[in-house]
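The structure appears below as structure tokens.
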Amino acid sequence: MSSVLKSRWLAFSLLALGLALLPFLVDAGLGRSWVRLLDLALLYVMLALGLNIVVGYAGLLDLGYVAFYALGAYVYAWLASPHFGLHLPFWAILPLGAALAGLFGVLLGAPTLRLRGDYLAIVTLGFGEIIRIFLNNLNAPVNLTNGPQGINLIDPVRLGSFSLSQPHTLFGFTFTGVHLTYYLFLLLTLAVIFISMRLENSRIGRAWVAIREDEIAAAATGINTRNLKLLAFAMGATFGGLAGGLFASFQGFISPESFNLMESIMILCMIVLGGMGHIPGVIFGALLLTLLPEALRYTGDWQRNLFGQIYVDPADLRMLLFGVALVAVMLYRPAGLIPSARRRQEFADAKG
Amino acid sequence: MSAPKVGNLLSSKLDAELTPLLTVTAVSKAFGGLQALSDISLQVHAGEIFGLIGPNGAGKTTLFNALTGLYSIDRGEIRLNDARLDGRPPHQVLHAGLARTFQNIRLFAEMTALENVLVGRHARTTSGVVGAVLRLPGTRREEADSRERAAALLRRVGIAQHADRLAKNLPYGDQRRLEIARALATEPSLLALDEPAAGMNKAERAALRELLLQLQADGLTLLLIEHDVKLVMGLCTRLAVLDYGVKIAEGTPDVVSRDPKVIAAYLGDEAI
């Protein structure tokens, strides 16, 4: 018993140490731009886990998820940039943006309650586009969003005089902005993972899965399907809003272009590829789909070295590989790359 | 445990006045031009097993769906004890104490048997998001209690060995039992079973019969749609017969089985 506990603690400590050292290892091995990418990957993990609640648990195919991401980002930009001249601290804005996104999750979810499957996907897709088009055009009569130019000079995360945009030296280590951002994002990502895990194995999580499995049976078993679907929309949107606020502070600049349909589909792909409804799978999918495209950029250099010119644009190659990867996963690992134990059992039983 | 006491209570009640548990008054429902239910009235008394029979398409399942809030009714009234059920959504009907199973088994296929029963506890528990995330003491107690009850119910219906298997992988008869366990987890006062013996073999039917009698002995009231005439006649205290959405007979199995209208409905008019 105690040895099991000990090995658990050992594994936990090693993991913590690994995560703490990761940005330095990446920095030394691959370069500063990859640390930045790591930050971005953590953002996508949060987004994917948020969408996983809506799509993976409750089974509501939401193609407009990026709208909540955008909302969180714009709330942050409005309250911490020269656009309105407001400069509130991040710890006040992030919860506000997340809460507002959650509220919009309920508002946009409410009209779709009677829809399922394809119909729900089409309507949510429309909502996502509506939000983006609003952001694009709300520069008149009152300039809210600055239209397609977007909002610039957004404040970085700052606590007192400690800013995440400047390097700090501690114990002889130099922590640059991207390093510090990594730790902040890691902390919040772990919080999102923790909340997802706790919810998965709870009365609420079971009710969501029951709705996904059979909505009529769920209602006849005493589940208030309306409220629980709205709760799923709200929870998912909250995580999206949180990630949006972090994105705005991280980039320092946002425009409607960052929040298009492609982004929604990308987040959905992360879930499907990794393993829908299974937290490790979703995390893996998010990391894979954020980091892999960047690795593909190197193929441009290889082509130039080998052939003297670029035959296949790395950006095109990316879409091609995504398509192939999705088809391959659907054919050979329909439950995702890292399916949950129960999905594995299900497919094993189906074969046997 | 309390079975004999309830049994005594029942037999003394049968002689004296019966308490109506479910009261259906002049319920009608039409789908377009098809009158699926016409002025159906019936009473189910506390503690009895009430059978609902009739040829295919007679409106039995439609009546079930109307009772449990899946269909809205055009006219009439449905009461469970003193609570109005008509016009309320399914989850509220269940909260009021009327649980059901489905003719074509509707389990949560990708959840384990235990989890299916745990979902049944949803209506009688209250933990929310905050409790789940922080694992508050109240939530932990509630969760432990739910798991204990769910495991007990699986034992009760005789499928404890399947607790951790996915519902979809259970043998057919056990899936029906699981559906009953899930409904029981909601602590109903009236359990409505839509053809619980459908597709079962002889041994499974006998076991089901035993289970239903036990449930009755424990004080549960049962409303039963069933095609197996032998099972219905042996089990039910009273029956109602539907044909083309109209109630054509009601009474004890003896009386109903001799009713010429019932014989005509089942065998055709020429048979008389």
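Positions of Cβ are set from backbone N, Cα and C atoms, glycine also.
Quick look at what TrEMBL lists:
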type	residues	note
TRANSMEM	A:38-58	transmembrane segment
TRANSMEM	A:65-84	transmembrane segment
TRANSMEM	A:90-110	transmembrane segment
TRANSMEM	A:117-135	transmembrane segment
TRANSMEM	A:170-196	transmembrane segment
TRANSMEM	A:230-253	transmembrane segment
TRANSMEM	A:265-296	transmembrane segment
TRANSMEM	A:317-335	transmembrane segment
Are there three or more C-beta pairs under 8 angstroms joining the transmembrane segment (A:65-84) and the transmembrane segment (A:117-135), sequence spacing 6 or more?
yes
Which residues of the same chain, at least 6 past either end of the transmembrane segment (A:170-196), have a Cβ under 8 Å from a Cβ in it?
19-20, 22-24, 27, 32, 35-36, 38-39, 42-43, 45-46, 49-50, 52-53, 156-157, 164, 239, 242, 246, 250, 279, 283
Under 8 Å Cβ-Cβ from the transmembrane segment (A:90-110), and at least six residues away from its ends along the same chain, one finds 64, 67-69, 71-73, 75-76, 79-80, 124, 127, 155, 157-159, 229-230, 232-242, 244-246, 249
Recorded stretch that, among A:38-58, A:230-253, A:265-296, A:317-335, has the most CB pairs under 8 Å to the transmembrane segment (A:65-84)
A:230-253
